[in-house]
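Participant: According to TrEMBL, the protein carries these features:
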type     : residues                                       : note
BINDING  : G423, Q424, T425, G426, A427, G428, K429, T430 : ATP binding site
COILED   : 2-145                                          : coiled coil
COILED   : 181-244                                        : coiled coil
COMPBIAS : 679-706                                        : compositional bias 'Polar residues'
COMPBIAS : 712-722                                        : compositional bias 'Basic residues'
DOMAIN   : 340-663                                        : domain 'Kinesin motor'
REGION   : 679-722                                        : region 'Disordered'
Amino acid sequence: QVENLKGKLLDQAQEVNRLHSELGGTDLEKHRDLLIAENEHLKQDMKSCEAELQKLKKQHVKCIDCEHIQENARLQERLAQLQLEVEEAKGRLSELDLEVQQKTNRLAEVELRLKDSLAEKAEEEERLSRRLRDSQETIASLKAQPQQIKYIIKTVEVESSKTKQALCETQSRNQYLQEQVGMQRQVLKEMEQQLQKSEKTAAQLRAQIMMYESELEQTHGQMLEEMQNMEDDKNRAIEEAFARAQVEMKAVHENLAGVRTNLLTLQPALRTLTNDYNSLKRQVRDFPLLLQEALRNAKAEIGQAIEEVNSTNRELLRKYRRELQLRKKCHNELVRLKGNIRVFGRVRPITKEDGEGPEAANSVTFDPDDDAILHLMHKGKQVSFELDKVFSPQATQQDVFQEVQALITSCIDGYNVCIFAYGQTGAGKTYTMEGTPENPGINQRALQLLFSEVQRKASDWGYTITVSVAEIYNEALRDLLGKEPQEKLDIKLCPDGSGQLYVPGLTEFQVRSVEDINKVFEFGHSNRVTEYTSLNEHSSRSHALLIVTVRGLDYSTGLRTTGKLNLVDLAGSERVGRSGAEGSRLREAQYINKSLSALGDVIYALRARQGHVPFRNSKLTYLLQDSLSGDSKTLMMVQVSPVEKNTSETLCSLKFAERVRSVELGPVSRRAELGSWSSQEHLEVTNQPRAAQPSIRTHSSPSSGTPLRRAGSFRRKLQTSG
């Protein structure tokens, strides 16, 4: 419909063009149109020439980018430079004049001091000469008195010694003054020399100033000459432009006269053209309304078509999601019937311990339409993996537990269930299985779920829940709830011939409340081995196993069920070079890698359906034999790191998960027995609630129960397909 509307619009446009061509199609009308266009062009040229002429009359033509302006600019720069140099020379001359004035003032002060010293010296000499004359006269008068000669002689001697002392002082002072006069004369001589130098410098500066002034006058004359030349060039250019404008105006007037003649002859044709133009204008005025109407109809039809397409897409998307859910449901049913190991993947978020830079970049992406697809970017190539379920870093502990709780509740119905976490060290296995006190993991949530199911069925069933916690450390099985956690335990076959395994001496706690669970977890976690490595601050150095046994009795039928839930937190595989393990840490890493390699060999043998499966190559695989041999519902939670530096380990973990997912263990059997009414009543009594303190017992050789006959002692095992 849109294409048809576009075709209609094109046809209407062609019709408008055709009408336009028919209205002005004669040669005379075309010639008239050309003359009109030429007339308009000539009018515009005439107006531009008149405007240019007016501008030339009103203002001078400025020369742009000519040699005279450039030369003038250079001369002005030279003149400014010379003026700056003259200013600097004048400043230096004024400084020298000030310095000469200061030195002249100092010389005058020295001369005044010298004159004062000479006057004082003359006065002192005059005073001493007077005293000398007075002394001589006194001596002469005393010589005329002989009777007092002895006394007078003594007096003269005394006075002569004082006079000598004063004379010595006067001579020393005279010598000091002469030295001062010599020094002042030397200073005066130096000042005279400096004055002469200053006068020479001033003369040189005056000569330079005169030279600069002469250059300045010469430059000024050149500049005036250049400006005169530029003025002459400007006048010549104005005259030439005026002459050209007159010639062009004359030609324009001639063309204008011809155009006027043509216009007079074309007026009748112009009136006809005007009438045609008015009719065409009316048609064009009505055309937008028609076009808008057509566009409005086209938009309505397009919107309706788009709405129909969107509704169809929504319906298809709804059907696709419904089919995807049905496919998942059928796949889960097929997995249950075949006994495949279900594999869930969980990607931990990027943390600050991963660092920064290219190595800490995210290399894992998810499919927005399928939550079972995961993409890994490894060495520039994207590798895709399909699991049963993939959890993104934003998934919570509750989201993970919702997917596994159906598997856990089947333990109450008498099925064996095993959930184990696999992945490299630091990938979040312990967090998924154990969690934190504020956000617990699968272990504690599973026991809480079992308690809620037991309470829900309390009116018809009686249940007993026991818990054991063990670890495999350096290929040694240890009881984390026992009195001696370092004691090594063995794995043995049940003597009843059922082929199942048990651990003699493994401690069992009977739990009845969440408080009992917290006590068990706290005690077991305190005995588990964790150490610091370069890859993980709290790296688990052992495989932890939480074994939950649920024994039930149906009060109405006497049916007994025994279900076992194995929750396994495997130690992480690690590269010794990256983890920096040394000494005992290195030995632990070797044992961990060896046991995980044995687990890989078991998975390979099961996948290839080999006759011999090497369960006994490791304590870990031997203990998981019941979970991997077809008599258990098994789920593997593969934990991966999304950062770029761990892509090699992530690739290995995901490839191993795909191999595990393809293993078929066969249908699962339910462990249920039918007991007598007397034994039923006995269990009703023994399963009454007791104190909240958990009871403890150790494993002995488990038996399948004493055979009972009908109305006395008989027992029959019911094998129910899973």
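Positions of Cβ are set from backbone N, Cα and C atoms, glycine also.
Burial and contacts for the listed features, if you can.
Facilitator: Residue density at T425 (ATP binding site): 25 other Cβ atoms are found within 10 A of its Cβ, drawing on all protein chains shown.
Per-residue confidence over the domain 'Kinesin motor' (340-663) averages 84 (mean pLDDT, predicted model).
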Participant: So if I draw a 10 Å sphere around the Cβ of K429 (ATP binding site), how many other Cβ atoms end up inside it?
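Facilitator: Counting Cβ neighbours of K429 (ATP binding site) within 10 Å gives 27.
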Participant: Which entry in the list of binding-site residues, G423, G426, G428, has its Cβ near the fewest other Cβ atoms, using 10 Å as the limit?
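Facilitator: Looking at the binding-site residues G423, G426, G428, the Cβ with the fewest others within 10 Å is that of G428.
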Participant: If you draw a 10 Å sphere around the Cβ of A427 (ATP binding site), how many other Cβ atoms fall inside it, taking every protein chain shown into account?
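Facilitator: I count 27 other Cβ atoms within 10 Å of it.
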Participant: Within 10 angstroms of the C-beta of Q424 (ATP binding site), what count of other C-beta atoms is obtained when all protein chains are considered?
Facilitator: 24
Participant: How many other Cβ atoms are found within 10 Å of the Cβ atom of T430 (ATP binding site), counting all protein chains shown?
Facilitator: 25
